[in-house]
Amino acid sequence: MADALIVVVLLLVAASATAAVAQRDPARQALVLSFLGTLLAALFTVLQAPDVGLSQLAVGSALTPLLIMLCVRKIRRRGRSKEDAR
Amino acid sequence: MNGWILAATVALGGGGAAALWGVTTGPPARRVIAQNLTTSAFCPALLLLAQGYGRPAYVDLALLLALLGPVGTLVFARLLSDDLSAQDASAWGLTWTAAVLGAAAVVALCVAVGPGRAMVKLLVIGVLLIGGNVIASRALAGGFRGVRGG
Amino acid sequence: MHHLIPLLVAVPLLGAALLVATGRFLPRIAAEITGVVVSGGTAALAVVLLLNSEPPMVEWVGGWLPVGGESVGILVVGDGPALGMATLVSLLTLSALAYSWRYFDEPPTGHTGAFTALMLVFQGAMCGFAIAGDLFNAFVFFELMSVVAYALTGYRIDEAKAVQGALTFGVVNSLGAYAMLMGIALLYARTGELAMTKIGRGLDATGHSGPDALVLASFVLVLTGLLVKAAAVPFHFWLPDAHAVAPTPVCMLLSGVMVELGAYGVWRVYGTVFAGPGGIPAADLTRALVTLGTLTAAVGAVMCWYQRHIKRLLAYSTVAHTGLFLVGLGVLTPEGDDGVALYIIGHAGVKAALFACAGVLLDRFGSVDEHALHGRARRLRATAVMFAVGALGLAGLPPFGTALGKAVTEEAVGGPLTVVFVAASAITAGAVLRVTARVFLGLGPRPEDAEYETSGSDEEPETSGLLSRIPDTMTTVPAVLLAAALAVGVVPGFGDLVAASVNEAGSGGAHVSVHWTLHGVLLGVASTVLAVALAGLAVTRPAWVSAPGWAAPLRRLQSGHVGDYVAWLLMGATVLGALALPGVLGS
Amino acid sequence: MNRLRLWLLAVGGAGLAALLVAACLDLPGFGGRHHPYGDRAVQASLARHTANTISSVNFDQRAYDTLGEMSILFAAVLGCVVLLRQARDEHRAPPEPAEVARPVRRYALLVLPVALVTGLYVVAHGQLSPGGGFQGGVVAATALHLLYLGADYGALERVRPLGVYETSDAVAVCAYLVLGLASVLAGTAFLANTLLPYGTFNTLSSGGAVPLLNAAVGMEVASAVVVLLAHFLDQAVEIEEEHGS
Amino acid sequence: MSTVMHVLPYLVAAYVFLTGCYGLATSRNLVHAVGCLAVCQCATYVLLLAVGYRDGATAPVFSDIAPGSRPVVDPVVQALTLTDIVVGATVTALLLALVLQIAKRHGTVDPDELRELRG
């Protein structure tokens, strides 16, 4: 039973890692990475590592997506203002 | 083993697979909604796991997810507002279904732990989870207008 | 005394933290003085510890002394090589800080001490890596060292090349570090320990029938991380891109000692973790390191010869020399270890001095392009002399420390591989001499531009505006460094001292004495003569030595594309596995 | 796509995959019982009255690793400050205020204190229940950015004196190092947890120096994340390039 | 089931690492590449924690259970993973900062279009 839970979560991790790599657009990848971060937190709970799960939640659910999205926004905004200037 | 873990397996497996599918396919609006669904599926699952493993200390994880999950969604709602405003990003049926399921899990757990500090914590998590989800859905459905500059 | 070893890390970090905490209120000069004092104090501490490192010290951080042979703490080693590397790191950081004295363009507003603080953290991280006796702790400091190095490499954010080189550096090195961590996790799974000596013993206890696939995989993964840092072919692509664009004082540290720390890590990890009967057999390690080292030396030398960007040229010469270090370590003899230790010390001085001279060119002319600078630096006589002397040191002209180290290593390696040593040092030194002749003396015709190359013109100087006069610090530092490199070979007994401390730590009590031999002196003179001849030929008959067709594909591999470098990293790990495979299959 | 790269990737990836799979088959089975270091760590943690063994490993037994870890964060933040500084050809433009739906704004302002308190709670209980300086610090710092998400960047800037956070980041690192150096001055090993009483098991003050180191890390992480995000936000929202450069 | 179960977590870690490497090598956008590097790092978390897991055990946190009442998993790997997560987050941040500067100085984040350093 506990094994079945671990298998389910592990397979989801493998699938979402594949999805994160396959999403070529960074904004969409950030969404998948945020999902992957939360999923990893669940995996760590299942593997009896609540401390690690907490830090993964703290980092993966809001911080990393925020960093990536800010980066994407800056790059997009830059592209837009360059086009305006032309 | 016990029913709590079985329920958590179902929530993680079913909710996780559905959210993964939603996050990787379709238009941006749908992806963000699926991202929001992640919180509503995983937070009750974490609560159920804490109960299933007999470890009240694990409840902190659910608390953090209930707090930070909606924040993550707000990040996307805010920074993708240009993409989202082009489409209708509301899915109230889904939101309320998730809220009801989350509430059901919290109520079941409250019954299991009985009155006390643990129950108060569970109720706080429940309120944060449901409130956060509803607000995140609201934000997706046009909570941010005219944020080009900021 | 042994309680003081972790202070090699703590003191620079404390200095950096204090600088950041007060940076907004300090005038620039105060920040720089603090940096020099802290760095110098750490260097003094390292020297004191080094002088007391006989017999080798160990320290359990946190006071977790082993109970019944088992401890839960972190082991820090204070033997000759570890403290020697820490001393080298500290002295070189001190000279880099002295070199950058009042040198940089204005630091970011409100962050006066930021550059100095980063240099101090860099120093602490490299010291921490050098003294690490715990595999995971080594990873942590490896990563700290990398993180600071990325930030320092990209320091000049106005430069397009600098940020690109820093990113390539960051991605490739981080991936290498993660591979190393995977290897550490595998070793932990097998042995349940993290201290290097305990892992080694654990492998021996479980691996009665010799190594299996798990040991091989962990060996490959850990060495991948270390060889990425050491820039062995085919993990080397990041190095020229990063070293060519980093600010000059940072280049001095990157090329002078950080890359060598990768080679040191290979020596340390193999010697304590994989050398036992349950580890990787010696023949396999020799095959792997000698093959990769020879390739590295060859590729580094060829690529070095065809550069026109002077800092890039120097970076490739670092690649070539690291290859030689790996060959020397790979033969696994006490003489080889001694020779490489001396070679690393001498090379650090020479290479740092050469980068310092290149920095002078950059700040005086806003260019480090051999073609664009042709004959323009005639008036910088002191720099010209130092550049030429540095080139001779690179070639291994006796009595430089490089020559002594190279001679001892050649003796240890022996056979046809001597050719590699002579050729690699002669070609890289020849390239540097060619630059000297063209840039400082204006000899020969102005060469023609090739098709696929990085030019060094249009670089921003690192000072505020072009310098009209070279500050004294910028000429004194390379002179001192060259003198130190000379002293390594000249001071009687220094070689023996290094050899004794290296052997005590590494080769199970076998003591060898290190001295100049006729054979070694002749080989050193031979490679110098060859270098001069090559340079002369290149200047007078450029057509004879211009890039032939076969070199073009090699240059095309250096594409500047991060995806290519990652693919090469995977390929390199596979090659490493294949080279070490026979011992695993045979057992 | 470059054909050479694909070939390298295929061959290198296949080789590494084969190696890793072979290694996995040789690993002790998942869920095995052989964890000598882990068992010793649990004993050592109990001997020092620290209920959360992971905190004991992090802040006592392997506190030196944590020093490296917090230095990495410190260096990365310093690196980001340097890399994301305002370049010569850039200027700052104040962002336009954003228009946020009222429920979202209310939610952000309501949750902000809750999240801050949760962050502090997670830090304070680090040596007892799951959590610790790192996790709590990130939560507290993220909470502050609800102001950006729920209101606008101007609101966040008003409660965020960046210099203070930068200083407290560095001061926290100093505090950690000074705590470590204190034991050297007392004649024991660096970062030795022997100066303070170990207290009663499972109370807030148990574990000797563990709560102090934990608090230092919490402060460092919270300030570091705020500074880090501030520079990214500046880049994304305020800093603009001069046109025609 | 049980033989598969004995290696599955390790295989998943290896798979995730290689997938991340594939994404990194074929990436057409540097922000995406940094994300792929984060995926590679996830593999190390999974591997470390899988190594420390023990069947039927629980977390070595004794705030709500009595010491010795239940078997516990390995706390050391958890501490290592914690360190690793911090490292991962900071490296991601630093690399993203560099990507931002590349976007400014080169006007593109496609590695195929960066042509400054070669040869």
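Every residue gets a Cβ built from N, Cα and C, even glycine.
Unlike curated records, TrEMBL annotations are generated automatically.
Keep in mind that what you see is a predicted model, and the values were worked out from it rather than measured.
If you check TrEMBL, you get these features:
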- C:33-51: transmembrane segment (TRANSMEM)
- C:113-132: transmembrane segment (TRANSMEM)
- C:132-414: domain 'NADH:quinone oxidoreductase/Mrp antiporter transmembrane' (DOMAIN)
- C:213-232: transmembrane segment (TRANSMEM)
- C:244-267: transmembrane segment (TRANSMEM)
- C:287-306: transmembrane segment (TRANSMEM)
- C:313-334: transmembrane segment (TRANSMEM)
- C:340-362: transmembrane segment (TRANSMEM)
- C:382-401: transmembrane segment (TRANSMEM)
- C:413-433: transmembrane segment (TRANSMEM)
- C:479-500: transmembrane segment (TRANSMEM)
- C:520-544: transmembrane segment (TRANSMEM)
- C:565-585: transmembrane segment (TRANSMEM)
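Sequence-distant residue pairs (6 or more apart) of the transmembrane segment (C:479-500) and the transmembrane segment (C:33-51) include fewer than 3 whose Cβ atoms are under 8 Å, leaving the two stretches without contact.
Most Cβ pairs under 8 Å to the transmembrane segment (C:287-306), among the stretches C:113-132, C:244-267, C:340-362, C:413-433, belong to C:413-433. Ranked by Cβ pairs under 8 Å to the transmembrane segment (C:565-585), the stretches C:113-132, C:213-232, C:313-334, C:413-433 are led by C:213-232. At the 8 Å Cβ threshold, with sequence separation of at least 6, the transmembrane segment (C:113-132) lacks contact with the transmembrane segment (C:313-334), having fewer than 3 such pairs.
Most Cβ pairs under 8 Å with the transmembrane segment (C:313-334) belong to C:413-433, among the candidate stretches C:213-232, C:244-267, C:340-362, C:413-433.
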